[in-house]
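Engineer: Annotation comment: TrEMBL describes B:22-61 as DNA-binding region. Among the features that TrEMBL reports, NAD(+) binding site is placed at B:Gly96, B:Ile97, B:Gly98, B:Asn99, B:Leu100, B:Gly101. According to TrEMBL, the domain 'CoA-binding' annotation covers B:85-186.
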2 protein chains.
Amino acid sequence: MTARTPDSARDIPEATVARLPVYLRALTSFAEEGTTTCSSEELAVSAGVNSAKLRKDLSYLGSYGTRGVGYDVEYLRYQIAREIGVTHDWPVVIVGIGNLGHALANYSGFRSRGFRVVALLDADPTRKDEVVAGLDVRSFEDIESIVAEHAVSIGVIATPAIAAQAVADRMVANGITSILNFAPTVLSVPDGVGVRKVDLSIELQILAYHEQRKSIAPASEDAS
Amino acid sequence: MTARTPDSARDIPEATVARLPVYLRALTSFAEEGTTTCSSEELAVSAGVNSAKLRKDLSYLGSYGTRGVGYDVEYLRYQIAREIGVTHDWPVVIVGIGNLGHALANYSGFRSRGFRVVALLDADPTRKDEVVAGLDVRSFEDIESIVAEHAVSIGVIATPAIAAQAVADRMVANGITSILNFAPTVLSVPDGVGVRKVDLSIELQILAYHEQRKSIAPASEDAS
DNA sequence: AGGAGTTTGTGAACGGGAGAACAAAACGAG
DNA sequence: CTCGTTTTGTTCTCCCGTTCACAAACTCCT
């Protein structure tokens, strides 16, 4: 007899949290196709996971399905969006407007999935004249006023590795509590600050490892 | 010579494989500073992991340390590189030369970490005149000859989501067996083909979830 | 040479996540 | 109204990964 945790489920496993955005995207896809209802099996296939896993994941949010019927696409989509916290947009600053920073600033997926880039910052003064994705690149020194003005809590680091830690420190000092790091460095931040890293060469190296194994032992099985 | 299994360790856990590149980078960093020896504790701090975990990870490769002393930086660096398979360069093709494709093509970290971009492909014929990062953008139709000529086994997808599955199919049909996918889609590929995905908005959404939680229950602890 | 001090490598306990399997609940047919 | 069908929500078990703790092994100093 559980004491019913209807809205704010207490603790959702990290692995589940990482999959919720995938479900959200699949549901959005269904909605765009005009599908109003889907079973856990359909949604699981679309998200590329096991249906039992999907049902267990959703059960952490509450009982939003109907037995014998399935899930209401729009309703479930909203519930997941609310749980993740993307029913409203999050302001985001991007620091480091090099090749990658450009790409991120122009990435339309951010805007459509709950994020709004409010500022582009770069330490290089020669970049201050540029306008990227409709925003003019501003000095990194402006971070304090920008974070304060827009109540920014999420920062993206797209600088060279050498500058990343200093940028992170400065972000934290100005109240940013979540950082997405594209620089190939291990960041150290205080407790309570969330960091996720995206490392392009690490991903390729993992692929290379498995690739090498395939050619050495072709008769063995494979772990994707 | 091969009494035990010193060279080709049988099966390295996936979680360990994902950390080896981090250790490799930390060791490279040590080598550049002139450090010739390091303890598991030093390396663990530099890689941002627990030292016991690091030692266990390294133990899957063999016993390359010396008790009471530590690890020889250069020797261990080479052993990890050999295990991952980046002692020689891997040829890579990038498909989709939009904003992100540009950034990837220009990313110097690939070259320095065991990968060589041999071709840039795009389905849009208006892009065929462009030269990016010293390579001219070629038609996606050329994939067959390029893959055959350079013995490419790793492909990078940086196309819009709508095109990603078709590109992946075509890659697989031409012998590519490892795919790094930046498009926000779930790819389905045959067994034996490795796929890793990098999804920018998912990473941000995970951060947003934790961020939302912080503001709701500030007295609770945090999972990074 | 021997003992003290380090540091690695690993055995064992622990916790979390994945998947199978099943009971509970809703719908529809007759 | 009752029964069969469908699909969810949940329990149970197994496996992988993390962490602790300690013995083995090496160096240095006396």
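Backbone N, Cα and C define each Cβ position, glycine as well.
A quick note: this is a predicted structure, and the numbers were derived from the prediction, not measured.
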Engineer: Give residue numbers and ranges for long-range contacts of the DNA-binding region (B:22-61): same chain, 6 or more residues beyond its ends, CB-CB under 8 A.
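Structural biologist: Those are 9, 12-13, 16, 69-74, 76-77, 79-81, 83-84, 86, 113, in sequence order.
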Engineer: How many other Cβ atoms sit within 10 Å of the Cβ of B:Asn99 (NAD(+) binding site)?
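Structural biologist: Other Cβ atoms within 10 Å of B:Asn99 (NAD(+) binding site): 19.
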Engineer: Across all chains shown, how many C-beta atoms besides its own are within 10 angstroms of the C-beta of B:Leu100 (NAD(+) binding site)?
Structural biologist: 25
Engineer: Check each residue in the chain of B:Gly98 (NAD(+) binding site) that is at least six apart in sequence and keep those whose C-beta is under 8 Å from its C-beta; list them in sequence order.
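Structural biologist: When sequence neighbours closer than 6 are ignored, B:Gly98 (NAD(+) binding site) has B:Ala158, B:Thr159, B:Pro160 within Cβ distance under 8 Å.
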Engineer: Check B:Gly96 (NAD(+) binding site) against DSSP and tell me helix, strand or coil, would you?
Structural biologist: coil
Engineer: Far apart in sequence but close in space: which same-chain residues, 6 or more away, have a Cβ under 8 Å from B:Gly101 (NAD(+) binding site)?
Structural biologist: B:Ile94, B:Val95, B:Leu120, B:Asp122, B:Val132, B:Ala158
